[in-house]
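A.B. asks: The structure under discussion is supplied below as structure tokens; questions concerning it will follow.
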Amino acid sequence: MDQPLPAACHVALVAAGSAAGALLRAALTQLVPGPWPVLWVLDVGGALLLGLLTGWSCGRRRGRWLVPLLGPGVLGGLTTFSAVTVLAAGSPGPGPLAAVLGMTVAGVLAAWAGLLLAGTGSRSRAGGPDGPGEAP
Amino acid sequence: MSGWEWLAVAVGGLAGGALRGWLGLLLPSTGDGFPRAVLVCNVVGSFVLGLAAALLLPGSGTLALVGTGFCGALTTWSTFSLDLVALLRTRARRTAAVYALTSLGAGLAAAWAGLQLGAALAG
């Protein structure tokens, strides 16, 4: 019943969302001083939002184009891995390495929290207008 | 940032996102759930950003295009985190550990190599 989106359509949605995400990231970088604080906000916040989106979209039929646009698109473009690795590789001492490991743990916890928060919401909606959802 | 720099970020972000979206279709996760495409994107993007950061002037339009736009959008932390959660939830702890350590180790090594090569080329 749920056919996957055509490949070109999927790539176009991810690309368009990523452009918007990159612009948002550039805007936030202008607002928050210092490279590490903004990376923490973007990456850990983006992981939380992706967890929420994934939990929310689980078992939904409608808006299947919205998930690639917002997930790998906007949130994929908003969050970044390369700025973290280049910043850490270009800084001396064990501090940057500890920050990368800390950010990895924080990202996992944030994404997990997002999934759980959205999962609780969809269970309470079961039987509602969206019909009995497939429990995640 | 000037209007041209914002445009450069958007165009770079479009290209980086398109490449990540296309690689995701080309290299689906292996049977044990190992996310190959995101690993490739994150490691390649780390190398290119290291190179760009060493070669290009801070605040230049080219760095906005290649660095903030392309490398920033090609690489991703949110999917990296969510894929780790998916592996941990299916109790694939060994795959999760291998994925996290490979991503961080190869990503840091690629970033360092890019910075060194860029510094050598810049002379």
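Just so it is clear, glycine is given a Cβ too, placed from its N, Cα and C backbone atoms.
According to TrEMBL:
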- B:GLY72, B:THR75: Na(+) binding site (BINDING)
- B:6-25: transmembrane segment (TRANSMEM)
- B:37-57: transmembrane segment (TRANSMEM)
- B:63-86: transmembrane segment (TRANSMEM)
- B:98-122: transmembrane segment (TRANSMEM)
A.B. asks: DSSP secondary structure for B:THR75 (Na(+) binding site), reduced to helix/strand/coil, please.
C.D. replies: coil
A.B. asks: Near the Cβ of B:GLY72 (Na(+) binding site), how many other Cβ atoms are there if near means within 10 Å?
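C.D. replies: Looking across every protein chain shown, the total is 32.
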A.B. asks: In sequence order, what residues of the same chain, 6+ apart, have a Cβ less than 8 Å from the Cβ of B:THR75 (Na(+) binding site)?
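C.D. replies: Counting only residues 6 or more apart in sequence, the Cβ neighbours of B:THR75 (Na(+) binding site) under 8 Å are B:GLY16, B:CYS41, B:ASN42, B:GLY45, B:SER46, B:LEU49.
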A.B. asks: Which bits of the chain, at least 6 residues beyond where the transmembrane segment (B:37-57) starts or stops, bring a Cβ under 8 A of a Cβ in it?
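C.D. replies: Distant contacts of the transmembrane segment (B:37-57): 16, 19-20, 23-24, 26-29, 63, 66-67, 70-72, 74-76, 79-80, 83, 99, 102-103, 106-108, 110-119, 121-122.
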